[in-house]
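Trainee: After the structure tokens below, expect a handful of questions from me.
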């Protein structure tokens, strides 16, 4: 019965909010863009509206927490659960975007599904571990502004020289920041999280099957992110090499 509370007003309101942002981007902000790009650009705007506020709210919530980030014994606060609802709504709407328009983009779909599993179970089933999960959210979304500006420039780089130049300038900067957060800081935090669970800090509030499943999907999501940015690095080096060879010839 607890899981039925997913239909509570806050969650429905956030879902409608992100849907409105998505279609506002499609029909207003990017109305003059190519049809396919309008949808992807609208997804970026929705991501911006989610990522930056979610990061700021999460950092504020963590700063107000008197207990350790990896202490699972304290029940989620109302504010933490609101942040989770806000993020769940975004990931669900964006997941629909990928399932409908990019069903072959397995990496992003898998990432969204993994994220939703942890957020949904933390918010609506176990009601513990919220401060830990929103700490992961900070690590995941801290690169959101740069990533979405980079994405918008990538979509338009063929059509406008300014976008192409911005894309070329931002790519190595974004890749380095993303690699640092997702390739080093994220795995380090998850490692400490796993040690905390294994030491019994979640016993009595988060069952073993649940926290083990969390670890599996979180590690999987990190691996997906690392694989994604590795592919971007490979593409960047290939493109730079191609331009260099063309210049030499």
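Any Cβ shown, glycine's included, is placed from N, Cα and C.
Automated prediction, rather than curation, is the source of TrEMBL annotations.
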Trainee: Among 12-29, 192-209, indicate the range for which TrEMBL gives the feature transmembrane segment.
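Mentor: Result: 12-29 is the stretch TrEMBL calls transmembrane segment.
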Trainee: So which of 12-29, 83-101, 108-126, 211-234 is most in touch with the transmembrane segment (173-191), counting Cβ pairs under 8 Å?
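Mentor: Answer, by Cβ pair count: 211-234.
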Trainee: Would you mind giving the whole-number mean pLDDT across the domain 'TLC' (36-241)?
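Mentor: Value for the domain 'TLC' (36-241), mean pLDDT as a whole number: 94.
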